[in-house]
Every structure is written in C-alpha cells, then in structure tokens.
Amino acid sequence: MARTKQTARKSTGGKAPRKQLASKAARKSAPSTGGVKKPHRYKPGTVALREIRRFQKSTELLIRKLPFQRLVREIAQDFKTDLRFQSSAIGALQEAVEAYLVGLFEDTNLCAIHAKRVTIQKKDMQLARRLRGERS
C-alpha cells in the first residue's frame with residue numbers, strides 16, 4: 001500500500017480517553033529519583049550525519065567572511081605592505097579556498113574508507129595531498 005502524507009484533523013468527538021489504573025497513576029505522580037531530568041542526547045553519529053546532509057544541500061559559504069578577510073590580509077602583508085583588496089576579490093578567494101578544502105576532505109575521506117576506517121586522520125590528508133601531487 002502506498003504511503004500518504006498525514007494531515008492534522010479537527011476532532012469531532014469520538015471516544016473519551018480511558019482512565020489510568022491506580023498503579024500507573026501512582027507511578028506517574030511520584031517524583032523520580034533525584035528529580036532532575038537528563039537532557040536528551042542523540043546517538044553518536046546521528047547529529048554528524050544530519051549536519052552532513054544539511055551542508056551538502058546548502059550553497060552558502062561555510063567560513064565566516066571577516067575572519068577569512070583578516071587571514072588574507074595577514075598573509076598578503078608578508079609579500080607587500082599596504083595592499084588593498086576589492087570585496088569581490090576576497091569573495092572569489094573564499095569560494096576557491098572552500099572548493100579546494102571540500103575536494104581535499106572528499107579525497108581524505110576516501111583514503112580513510114580505503115583503510116577500512118570511518119574517521120579521517122592526519123595520515124589520510126597527507127596521502128590525499130601526496131596523490132594529488134601537492135606535496136612529496
């Protein structure tokens with residue numbers, strides 16, 4: 001049978017709620033030990049997978065603009081003092097940097113999977129860069 005989307009409907013009477021048994025009511029009304037409710041925690045990896053799906057759907061830049069701009073200006077100071085940048089130039093640099101990093105992390109993840117692991121490590125990133133020919 002095909003699934004259909006469930007929509008909320010206004011109640012038009014129907015059955016009255018059943019009364020709870022005495023033991024159930026006593027259990028619910030009695031305070032639990034300590035009285036402090038633990039905060040809800042997801043299983044390890046659940047939030048990570050949710051974030052992966054969210055970021056794969058999105059197209060916005062992930063590195064904050066101002067810290068990236070400060071870093072670019074700091075690096076540029078080593079080459080020439082009093083350099084000025086158009087905002088579009090810094091935007092283009094940021095797009096290129098993020099595209100490079102996403103590709104590097106994809107290759108790093110493949111290296112970790114090849115080693116039968118799910119966690120990326122420093123050696124995976126080193127191998128990915130070496131295979132790309134960026135570092136010998």
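Backbone N, Cα and C define each Cβ position, glycine as well.
Small disclaimer: the values here were computed from a predicted structure and weren't measured.
Feature annotation from Swiss-Prot assigns region 'Disordered' to 1-43. The N6-methyllysine feature in Swiss-Prot is assigned to Lys5, Lys10, Lys24 (among others); the stated evidence is similarity to another entry. According to Swiss-Prot, the feature N6-acetyllysine maps to Lys10, Lys19, Lys24, Lys28, Lys37 (among others). Under the heading N6,N6-dimethyllysine, Swiss-Prot lists Lys28, Lys37, Lys80 (among others), citing similarity to another entry as support. Under the heading N6,N6,N6-trimethyllysine, Swiss-Prot lists Lys28 (among others).
Distribution of Swiss-Prot features across the structure.
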residue: Lys5; record: N6-methyllysine; Cβ neighbours (10 Å): 4
residue: Lys37; record: N6-acetyllysine; Cβ neighbours (10 Å): 7
residue: Lys80; record: N6,N6-dimethyllysine; Cβ neighbours (10 Å): 7
Nearest-integer angstrom distance between the alpha carbons (Cα) of Lys80 (N6,N6-dimethyllysine) and Lys5 (N6-methyllysine): 61
Between Lys5 (N6-methyllysine) and Lys37 (N6-acetyllysine), the C-alpha gap once rounded to whole angstrom: 34
Lys80 (N6,N6-dimethyllysine): secondary structure state under DSSP, collapsed to three categories: coil
